[in-house]
Amino acid sequence: MNTEATHEENAPHTTGERLRLAREQLGLSQQVVAERLCLKVSTVRDIEEDKAPADLASTFLRGYIRSYARLVHVPEEELLPMLAKQAPVRTAQVAPMQTYALGKSRKKRDGWLMSFTWLVLFVVVGLTGAWWWQNHKAQQEEISTMADQSSAELSQNAANSPQSVPLNTDNTADASQDQATPPADLPSGDTQNTASNNPQPTPVPSSNTASQQPVVVPPSQANTDTAAQQNTTQPAQSQLPVGQASTAPAADANALVMNFTADCWLEVTDATGKKLFSGLQRKDTNLNLSGQAPYRLKIGAPSAVQIQYQGKPVDLSRFIRTNQVARLTLNAEQSVTQ
C-alpha cells in the first residue's frame with residue numbers, strides 16, 4: 001500500500017518531466033535530441049520545462065512532443081492525458097463567409113474598361129481627323145499659291161510681249177497680178193496651151209516682173225518648147241512626194257502628253273529650268289509638251305490627269321491614294337521619282 005503510494009508520488013505529472021526522464025534513462029543529451037528531431041535546443045528545453053512558445057502553434061507543439069516520445073520510446077497513450085492538459089486542441093473558429101457581389105464588381109470594372117477604351121478611340125479618331133484637315137488645308141493653300149503665281153507670271157508675260165504688226169501685202173498682190181497677166185503679142189490658142197501645160201513659175205519680186213519685156217515666140221517653136229517642158233516637168237513632179245517624205249521631221253522621243261478629266265493646276269519644267277507650262281488646265285483638254293528631259297512635274301490634282309511619256313502611261317496611283325499634290329520627275333529611262 002505504501003509502495004503504490006510512493007510510486008504514484010514519484011511518477012511524473014507532466015509530459016516534459018516524462019520525456020526528460022526517458023531521455024536521461026537512454027543517456028541522451030538535449031543537443032542529440034535536437035539534432036535527431038531537427039529542432040532547436042531551446043525548443044527541446046521548452047518542451048521538457050512544459051513551456052509553450054508564444055510563436056509556436058499548439059498543433060506544431062503536439063507534433064514535436066509525439067516525435068520526442070517516439071525517439072525516447074514513450075508510448076503516446078501514456079502522454080495523451082497529460083498532452084490534452086498541456087496543449088489542448090483549440091477549435092478553429094470558422095467565420096461565416098461573406099458574400100460579395102462579384103457580378104456587380106465585375107460589371108463595374110468592365111464599365112470602367114469600356115469607358116477608357118471609348119475615350120482612347122475618340123482621341124485617336126480626333127487626332128487623325130485633325131492631322132488630315134491640316135494636310136488638306138496645307139495642300140489647298142499651296143495650290144492657291146501656285147495658281148496665283150502662275151496667273152501673275154502669265155499677266156507679266158502678256159504685258160512684256162510685243163504687239164503684232166500686220167504685214168504689207170501690197171507688193172505681193174501687185175506681183176501676183178503681173179504674173180497672172182499673159183503677154184499681149186502671143187496668140188490666144190498658144191497662150192492657153194502654155195498656161196495649161198507649163199508648171200506655175202516661182203514667184204519673183206514685182207519690180208523684176210514689171211521691168212521684163214514680153215518676148216514674141218513663133219507658134220511652132222512655142223508648141224515644141226511646151227512639149228519639152230511638159231516632158232521634163234512630169235518626172236520632177238513624180239519625185240516631189242519622195243523628197244517631201246524624206247524631209248518630214250521625226251517624232252520627238254521626249255514628248256509629254258497629258259489628258260485632263262477635270263480642272264487641274266499644273267507646272268512642268270524641263271532639265272534647263274524652262275517652264276514649259278504653268279497654270280490651270282480645264283476639263284476634257286489635252287496638253288502636248290516637248291523639251292529636254294528630265295521633266296519636273298507638280299500636279300495639284302493627280303486623279304484628274306493621265307500622263308503618257310515616251311508613249312507609255314505614267315503611274316500616279318500612289319499620289320491618288322494619299323490625295324496629295326504630286327511632285328515627280330520623269331527622266332529619259334521612263335522612270336518616275338518623287
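Cβ coordinates are placed from backbone N, Cα and C, and glycine is handled just like the others.
Note that the structure is predicted; figures quoted are calculated from it, not measured.
Looking up the ranges 30-49, 90-109, 290-309 in Swiss-Prot, the one annotated as DNA-binding region turns out to be 30-49. Remote same-chain residues near the DNA-binding region (30-49) are listed as 15-17, 19-20, 23, 56, 61, 64-65, 67-68, 71-72 (criterion: CB distance under 8 Å, separation of at least six residues from the stretch ends).
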